[in-house]
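Notes follow once the structure below has been shown.
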Amino acid sequence: MTLHIEHLKAGYGKTEILHDVSVQGIQGGAFVGLIGPNASGKSTLFKTLAGLVTPMAGRIAIGDDDVTYLARKDRARRVAYMPQAFGCNALLSVFESVLLALKQTTGWRVKSDNLDRVSDTLNALDLSHLASHGIADLSGGQAQMVAVAQTIVRAPEVILLDEPTSALDLHHQLSIMTSIRNEMDREKPVVMAALHDLNLAAKFCDRLVLLRDGVILADGPPHEILALPEIGETYRVETDLERTGRGALYVDARLPA
Amino acid sequence: MTIDANAAGMRQAYAAQNARRYAMIAIVFGLLVLSFFLDVATGPGKYPLSTVFDVFTDPLSHGVRLKVIVWDYRLPVAITAVLVGALLAVAGAQMQTILNNPLAEPFTLGVSAAASFGASLAIVLGFSVIPSVGPLLVTVNAFVFALLTCGFILFATRLKGVGSETMILFGIAIFFTFSALLALMQYMASEDQIARIVFWMMGSLSRASWEKISLGALLLAAAIPFSLLRTWPMTALRIGEVTAESMGVDVGRLRVEMLICVSLLAATAVSFVGTVGFVGLVGPHIARLLVGEDQRFFVPLSALVGALVLSLTSLISKSITPGIIYPIGIITALIGVPVFVSIILSTRREKLS
């Protein structure tokens, strides 16, 4: 499965935020990191791909299917968008909250295979011990993992993750990213994640797309993109790309003198 | 092996949880039936439950007098209590979900105050919003004003920057506006009219009639499948608007559809019995604690708890002083305010932690 984004323009009201964004041939099973400073249009791009924002122009296609104006519910079957995390106080268990994500597109009655699917997803993300906990009582890291579960339980072809590791400690950052990678190895969905941490992006992504002011500045493998002078300019810092002793990429950034 | 064991365990836990919920619903339903029969049996003349059963199955089994008392006086009141309690609680439950505020209900959003003003217009000026409704003048006026207020709330939710806390402030604004207008009406009213307004505002089940009961039952019968069809999107709304949208829910449309539905329920309920505060708060609150917020269980149980609360209130209103029926609005407020305060305190705790 391949995701194509062609000449996409989108925004809110009359304000255009994305100007002519094109990202060609994002392959299933590849992890694409969307990087760029705050307010560069990352969330708007995801919302447009997920059908929450109607594009002003351009085309979105999954494989050969044009999904640009696909109705929201039909789109939700194919594209799963995980918004930036925030707490909630609903009296629902983790199991129920994942089940309800699945039930939005699978009919009213809870069938046996729905329950299987939820159990499998929770097992795959190592969340089974939390299944009957209330979602309001979870820690930040646990809540984020549950949000990932709500996203992948639907077995979408395209997964869009908006800052999946924000506000998490190092252990939870790595475990979330690893879980997503494992899911990709299993089901081969297209995965795009908006990431702020460039070193995390370098570690997990196969391809990076740099967005600034609604325009794509660069697109390519991490070792090329992170070495570009545009990185420093975009984030208004000075950067050097180094390799650690273990061969991992490391972006050394500091404020300009 | 462990993975399969985990999966089976999770499914069993979920099944057990649902079994408990069905049991809860059955228990509350049983209590409601009991309360309903006690309500019919209680009054200036107290009858054993067996006699009430006899009169139910064969109206004339204990003479014409008992048939008239049970079928013409007490039964409409008892059914109205159940029906209005259910209507108010379902309206409250849905408003709380749509507006994402546990304090939302017809009373706190000013719908009851608006209805009172509509009623007072009819009582004092004989002014009818909809012409030639005859003896239903007061009820129809109350209904129209309640519905207009719901329309205003619907409009307010569409405004930018109106959050869930702001909605309750809107409710307070509506409440004060209509209270002032109501005071104006009372100022212009004769002594007799003032008495009627005050009595209307205190809430009473004695305005029950079989016509109103059929209308209310019809509405509830339409609202329940309407809500049940939307249980999954409504449950999704509880974990956040953006999350629900990302799951494919058209939140804007869902809000409008549900608000129109609950507006009809709330307006009907308050126009039938006057101001009965806090049932829309207590019913959903207890239901939430018993079965959580999967709307498949939450909405029906809210209806049952609301019905039970108002049915018990009706029973209490006749039992405090023999021969006197106290206005139910006073009793529900006295029960409801502690629940109101406990919700405020528990939400505060959640936000602090």
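In case you wondered, yes, glycine gets a Cβ from its N, Cα and C as well.
Database features (TrEMBL):
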- B:21-38: transmembrane segment (TRANSMEM)
- B:75-95: transmembrane segment (TRANSMEM)
- B:107-130: transmembrane segment (TRANSMEM)
- B:136-156: transmembrane segment (TRANSMEM)
- B:168-189: transmembrane segment (TRANSMEM)
- B:209-229: transmembrane segment (TRANSMEM)
- B:259-282: transmembrane segment (TRANSMEM)
- B:297-317: transmembrane segment (TRANSMEM)
- B:324-345: transmembrane segment (TRANSMEM)
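For the transmembrane segment (B:107-130), the most Cβ-contacting stretch among B:21-38, B:75-95, B:168-189, B:297-317, B:324-345 is B:168-189 (pairs under 8 Å). If one looks beyond the transmembrane segment (B:209-229) by at least 6 residues along the same chain, the residues whose Cβ comes under 8 Å of a Cβ in the stretch are 76, 79-80, 83-84, 86-87, 90, 94, 139, 258, 261-262, 264-265, 268-269, 272, 295-296, 299-300, 303. Proximity of distant same-chain residues to the transmembrane segment (B:324-345), defined by a Cβ-Cβ separation under 8 Å and at least 6 residues beyond the stretch ends, is recorded for 81, 102-103, 199, 201-206, 273-279, 281-282, 285, 309-310, 313-314, 316-318. For the transmembrane segment (B:297-317), the partner stretch with the most Cβ pairs below 8 Å, chosen from B:21-38, B:75-95, B:136-156, B:259-282, is B:75-95. Under 8 Å from some Cβ of the transmembrane segment (B:136-156) lie the Cβ atoms of residues 106, 109-112, 114-119, 121-123, 126-130, 162, 167, 170-171, 174, 178, 200, 207, 212, 255-256, 259-260, 262-264, 266-268, 270-272, 274, all in the same chain and six or more residues away from its ends.
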